[in-house]
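**Q** Handing you this structure, nothing more for now.
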Amino acid sequence: MSFPQSFLDDLRARVGLADIVGTSVKLIKRGREYSGLCPFHSEKSPSFTVNEQKGFYHCFGCGAHGDVISFVMNTRGLTFVEAVEVLANQVGMDVPKPSREAQEREKKAKTLYEVMEAACVFYERVLHMPEGREGLEYFRRRGLDDKTIAEFRLGFAPDNRGALKAALKREEFDEPLMIEAGLLIEPEDQGRQTYDRFRGRVMFPILDRRGRVVAFGGRVMGDTKPKYLNSPDTPLFHKGQLLYGLPQAREASQQDAPIIVTEGYMDVIALHRAGFRGAVAPLGTAVTEEQIGELWKMTNEPILCLDGDAAGKRAAVRAAERALPILRPGKSLLFSILPEGEDPDSLMAGANGFASFRKILDSAVPLAELVWRMEVGGRATDTPERRAALEADIQKRISAIGDDAVRSQYQSMFRDRIWQLFKGDRAKGGGSRPAPGGGNQNKKFSRGGKGGKKDYFWEPAGKAVPGMSRPPMQKRRVVQDCILLVTLINHPHLHEDVGERLGIYTCADSDLDNLRRAVLKLLDGDPGLDSETIKAHLERDGLSETVLRVVGADILAHAAFARPETPLERARAGWEQVFSMAVSSLEDEEAKYAVRQLAADISEEEWERFSHRRDDLARRREKVFKLDD
């Protein structure tokens, strides 16, 4: 159901965002904004802000962002339509009536939800009847108690072609609806009757984000194939978009529980019972882009918990390939590897199951490290041609990253790692020879742990990651850059004194540097702009996320002088001090980079490049400090 844009605009204007947020968050007014503890993740100091004038909330801790409608949706578990209706009722607005076609679609969807719920109740009931004894014994052997069985609404489909159909007909659901819901199979032969899709299987209901039954997964009791059977895609269910255990994981994520992606239904249940309530599983497929997006709604870095065998490696590669094009700042994946022959369910059954699994999670490697191992593990780098091939393959892999800022960071990190790798080769008196089997890239994922051969996929390739976490110097520079920018945005009159120096300065982060150029362009064109007007221009230019990052409470905590209410002279003194430190940091980083590049290849071309870089650095530093005089 859709609403006219004019109605939605009017609704947002009438509803007080701070009033709605204030029903679940204790807000304190600070200037034009309100702040409080974020309702979407656990924190001790406030990083959640509400801007009533602009109509949005933002959390600088977890990245949650939206308007009054999305706040009601996310805090109360409502759909868009339901949230709109709740808010409209509060302010006495009449909700526009949907078209006849929209009403028919909504009525049909409601009926599908009802038939799925009735089927779930049927399977739950049968599990505790004589027909379901086999299924109940299976769950008991797997260590499940009545509480867990009830929480996950587990059930049993009797080995009878018409049991569910008959039960649902008694509740006045018709066969076409059951077919559309995926509960019955309609034979292609017109003369044959429909029959139950699930028979002789323990049943796992699959719930949507709001906890409604939309599909089922069934595990057969005997040796019949397939072992697992899922519902087909229906108007309510698309298996590539949902995750098993999603409602429980969403709730757990609000308490900062780790979000863990494992393989099967029983793995999810075992982890929940052990206290890892953020566990989910894909539905019989490799993790999809849509599922990764769903994971990112709960946490910035979900952990994919994979088997250490060949299938686990293939799953890791597929997940990496699907994640790279949709990466964005702050959003990524972690990968943890299970011991061979183990799964979360079997680990939890052991004496030290919780501690063992916690250790596995703590050793999870970032996506960037996995990409490095995919390309470098077990590969020869003993000739210029092989090194060039390695660099080309890594560049090709990185080019799949869609976000410019993230791709730039990958390129920078891998440049350092390649330099470290080749530097290590030279220190050993030559290149790195391939492991037994040569440098055939197609084979490098297949060297398992058997027969004494080293696993080049899961084991670290080359030296420790220089730059997997941003070095302290780089962290300081980013904070310094943010302080320089927020001080100028909050005190535009400083532009007359600092604009020229900031104009020849380069921020460490590409997003921040784009913001630097945009702020200077605005003030160069109109030095009289005030802070709010500058922010409004920047938002219209698509820089709102970067502005929020810069003007947030976490940056201002480092520099009280940058706040809008600070006297101009104090703000100027603070800016000068931070700028001086930032330029010194820049000098150190540039010099170290130039020396690294020189050490990598002392050719004439590299010597000229080094000399140019050294001279350029000297000129820039001289120019910056000359402006200070």
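Yeah, the Cβs are placed from backbone N, Cα and C, and that goes for glycine too.
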**Q** Between the candidate ranges 38-62, 88-112, 188-212, where does TrEMBL place the zinc finger annotation?
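**A** Of the candidate stretches, TrEMBL labels 38-62 as zinc finger.
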**Q** Mind checking which residues of the chain, 6+ beyond the ends of the zinc finger (38-62), have their Cβ under 8 Å from one of its Cβ atoms?
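**A** Here the qualifying positions are 12, 16-18, 21, 24-25, 27-28, 32, 68, 71, 74-75, 253-256, 300, 548-549, 552-554.
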**Q** When the zinc finger (38-62) is classified with DSSP, how many of its residues are helical, how many are strand and how many are coil?
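**A** So the counts come to 0 helix, 8 strand, 17 coil.
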